[in-house]
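In what follows, a single structure is set out as C-alpha cells and then discussed.
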Amino acid sequence: MEFCLAQPCPQGNHEATSSTFNTFQPMNLTQGRCQNLSCGSRPSMQVMKEQGVQLSPRTNHTVVSASAPGTAWVLGNADRAEEVPGKGDLSLQAETRAWVQKTQAHWLLLKTAPLWFHGFITRREAERLLQPQPLGCYLVRFSESAVTFVLSYRSQTCCRHFLLAQLGDGRHVVLGEDSAHAQLQDLLEHYTECPLSPYGEILTQPLARQTAEPAGLSLRADSDSGSKRQDPDTQLSLLLQQGQAQASGHTEKVWASQQKATSQASRPRPPIPAKPQLPPEVYTSPASRLHQAPPINPIYQEPDEPIAFYAMGRGSPGDAPSNIYAEVEGPSGTAPIGHPILRKCWSRPISRGQVREVQGKISSRSRAERGSPS
C-alpha cells in the first residue's frame, strides 16, 4: 500500500522534513509507470487480507490512521505501502524481537544473519549509508513503525523504503506486489531482474553491514532465550545440571582443602639447626686477651740444682733483649760447677752490669792463674 505526501509533515512533527532524501513522488506518476512496465495485476489491501497477510496491530493502525481527517498522509494508492517514519520506541523493538523469535528464528537466529540485514537501524541511518552507494544498492532492516521488515534501496532521485509482508503460508512479499517467495534472499534476487513497480527500478547489489551481528540483535542470546522459552523442560534440566555442577565443584574444593591440610599436618617438620658453639675467647674483648692469667701448671720443670748463668741460653727464647749470657770453659774444657762467686740463678735474666762485673772478675782470675807457677 503506497502513501504519497500531500503535506510536508504533521503539525509539530519535524522528523520527516530532515530526511536525507525525498522518498515520495507525485501521485499521478504511479499508475502510468506501472502500466508502461507491465508489472501485472497487484492485489489490493482487501485481497492481501484474504490471502492471510500478517500485519501487526501497529501496521493496521498505521494504515487506518493514514486516512484519518487532518493527517499529513493521504491515501493515494491502496495497492502499495511505504514505511511511515516512526520513532522506533523500545516497546516496538520488544514486540519485534518477540515476533522474530516466534516466526523468523528458523533462518535468522539459528544461522548467520545475511550481510544485507542491518537489524535495528533508523530510517535516517539507512539513508546515510545508502547515499554514497550506486543506484540499486539495498539493505533490509526492521521497521520503525510496524513489526516487520523494510526494504531500503538507493534510487536515482531518492532513497525508497518499502514494507515487506509475510503471508499466512510463510512466504514474503513486497507489500502491494504479487510475487511471493519462501525466503527473503529469493525475494531480493527476484527484484534484481524484475523491476519494482511503480517506479521501474531494480536492485543491483546489497550493502554489507560493518558489524558481525545486526544492530540491536544478538543472535546467539536471542536464540538461546527463544529455545528456553519454547522448551521449559530443557530449561529446567539445564538449571539442574548447573546446580549439580556447582555442588560437585564445591565438594571437590572442600575435599582438596581437607587433603591439603591433612598432608601438611602429617608431614614431619625438619629439625632446626643448632647455632654453632664458639669458644669464649671469641666473645672477649682484645684488651682482656692481652692480660691473660698464667697457667697454673708450668710448662717446664724446675731443676734440682741451680743453673749457672752461662747456661741460661740453652732452651730459652733467643729474642729476649735482656737475656745476655756467655759460655766460659775452664782449663779442663768443662764449666766449673758451684763457683763461690756466682749467685744462684732461678731462670731469671741478669742485668748487663752484673754480667760485666762477673766477666771482669773471671778474666782477672784467669790472668792471675796463668802468671803463677804451677
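For all residues, glycine too, the Cβ spot is worked out from N, Cα and C.
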State the residue range annotated as region 'Disordered' by Swiss-Prot; the candidates are 41-60, 321-340. 321-340
So how many of the residues in the region 'Disordered' (353-374) end up helix, strand or coil by DSSP? 19 helix, 0 strand, 3 coil
Mind checking how the domain 'SH2' (116-207) divides into helix, strand and coil residues in DSSP? 15 helix, 28 strand, 49 coil
